[in-house]
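Comments concern the structure below.
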């Protein structure tokens, strides 16, 4: 019976993909281990439709067919109480995991009886107290947290009790507070926090307090980053006597998946080297009709070649089955006027393959950490347009600390003007500042490859983890 590591991802698509890639990474270098991924299987209730259950199911089926060493264990996803407040998607996923605690605990017991269970790795958004989840398991089965974003936002999270205390004493609406924690050089204020986490009394703030407390009590924290990209912050966290051991094993990025049924790659084949800017905003990055039209105007003004993945908000449609056409979403004549320079596709495109294509020279991103790492690993400079969760903080880190991006600035309502987008795209692709960012990103591409190579910092961290598991 093989030693088994159980991975418990959040149901959000980016979190699931990152956890699967972690499992693949473990198996690549330590094939004597077995990987089981626990999957909360959602219903089609309104509270879960945000997470594109069908696409997750298709992705899981692909992994099952191509990597038999990874097995999936499905667990019923609890439904949310009718009095659950309206929450943003990442907090809905947190609540769904919290209400599924008992089902997950039973699943862990079942897996422990059927395998030689060595460790459990839990996504940070499934932050239920590990003692509750593992109370009936052998005490030698250690629990780790997997943090799918970078060390900078992890530091903010682990220091959140102190930040919360400061907010409680000094919080005034619309008056930002400077955030200072060891190792953080970037100029971050409470304005960079997600809207739902600025008020110290609301649900989000209380959840972050609980997450910080729970993560500090774990056996270790596995981070999807590498030392060269966030060196000072990683050192500061490692030297903090109250933080569990850190294992920086990244960059863990998605392997190419899905068919290019929209012809993105063949279109790129016909474009000049490094001439195309990709606009793609993640699985939950959707926009209103007004914002979509503004993006279109901005792209046309920029006079740059572009590949744009469009995802419209649900209220843009008359019904779920009757989505508006691209012509209806765009300004009149836009698709015809830009057909020689641009390609617009709906909902999804093979982002990893696109970023690796020689024709791509820039990336307008929502600042999700998976996307940031994918761009870094291909040496593609970015324009940072955050949408939700920790992404505004990521923007500051990308621009000021990592220096791999330009900031796309929005108004107080979160709206980005055509002029702002057009100027940033042109600056990224044509200016001396854009060239500097491209050179910096290319250096980080080399550092990322070195970290993952034999003897590299991330490879050493993974080997250390595997040794701990095998000896437990």
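Every residue gets a Cβ built from N, Cα and C, even glycine.
Quick look at what Swiss-Prot annotates:
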BINDING   283, 348-349, 366-374, 388-391  UDP-alpha-D-glucose binding site
Across all protein chains shown, the one of the binding-site residues 349, 367, 373 with the most other Cβ atoms within 10 Å of its Cβ is 367
Residue 373 (UDP-alpha-D-glucose binding site): secondary structure state under DSSP, collapsed to three categories: helix
Check the binding-site residues 283, 371 for other C-beta atoms within 10 angstroms of each C-beta and report the one with the most. 371
Count of other CB atoms lying within 10 Å of the CB belonging to residue 390 (UDP-alpha-D-glucose binding site): 24
Count the Cβ atoms, other than its own, that fall within 10 Å of the Cβ of residue 369 (UDP-alpha-D-glucose binding site), considering every protein chain shown. 25
Which same-chain residues, if any, lie at least 6 apart from residue 388 (UDP-alpha-D-glucose binding site) yet have Cβ under 8 Å of it: 88, 89, 90, 194, 284, 366
